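Engineer: Feature table excerpt (TrEMBL):
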type     : residues : note
DOMAIN   : 1-91     : domain 'Cytochrome oxidase subunit II transmembrane region profile'
TRANSMEM : 27-52    : transmembrane segment
TRANSMEM : 64-87    : transmembrane segment
DOMAIN   : 92-225   : domain 'Cytochrome oxidase subunit II copper A binding'
Amino acid sequence: MAHPFQLGFQDAMSPIMEELHHFHDHTLMIVFLISTLVLYIITLMMTTKLTYTNTMNAQEVEMIWTVLPAIVLITIALPSLRVLYLMDEINNPHLTIKAMGHQWYWTYEYTDYKNLEFDSYMIPTQSLPNGHFRLLEVDHRVVMPMESPIRMLISAEDVLHSWAIPSLGVKADAVPGRLNQSTFIMMRPGVFYGQCSEICGANHSFMPIVVESVPLKHFENWSSLMLS
């Protein structure tokens with residue numbers, strides 16, 4: 001999860017988030033180089049007293065400042081399209097979970113199982129166990145198997161919500177009457193925190209999301225316990 005005064009992203013826990021990290025670093029380096037070049041030119045123009053009249057009508061310069069931005073945009077657009085394709089690709093998910101947004105809690109349904117459904121509420125501060133995070137912990141975590149393709153079906157029953165887990169690179173709007181989907185793979189065990197990222201009302205910031213990644217054997221034991 002995020003730390004105080006953190007400037008970068010959270011640690012990547014899925015291949016999609018790793019790709020987003022790489023694309024962010026790639027784009028940031030291009031922006032840094034452009035900013036440095038512009039700052040250098042501005043400084044040069046402010047400090048020099050010379051005037052070059054032969055550059056007022058230079059076809060070569062006009063060609064450079066037309067073609068060069070197009071090349072820069074292409075170097076940004078191609079990796080961006082690749083990441084968008086990877087985020088939208090869904091290939092034989094091992095588990096499908098449906099998340100329904102309510103005011104102000106989440107309902108999860110494991111569609112591959114019969115009668116495996118529960119509500120997930122934020123734990124009030126006065127009932128929070130020692131060592132847990134305030135305003136982020138819930139009474140029922142979403143348990144998922146690690147190293148397995150997971151498909152999330154996301155919708156809402158009242159107003160707009162958003163199901164977002166930053167460390168997994170997942171953010172999908174929950175729209176009433178519409179079923180959105182997202183996919184991800186958790187590469188290591190752990191507990192990942194997120195929140196509703198849509199301004200859905202007075203308690204918008206009080207409907208957290210907690211995903212627990214466990215080995216497949218532990219997930220099977222958990223599902224058997226929930227169904228019993």
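Using the three backbone atoms N, Cα and C, a Cβ is placed for every residue, glycine included.
Note: TrEMBL annotation is automatic and uncurated.
On a predicted model such as this, the values are computed, not experimentally measured, just so you know.
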Engineer: When the pLDDT values for the domain 'Cytochrome oxidase subunit II copper A binding' (92-225) are averaged, what is the result?
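Structural biologist: It averages 92.
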Engineer: Same chain, outside the transmembrane segment (64-87) by at least 6, Cβ under 8 Å from its Cβ: which residues?
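Structural biologist: Beyond its ends, the transmembrane segment (64-87) has Cβ neighbours at 15-16, 19-20, 22-23, 26-27, 30, 34, 169, 182-183.
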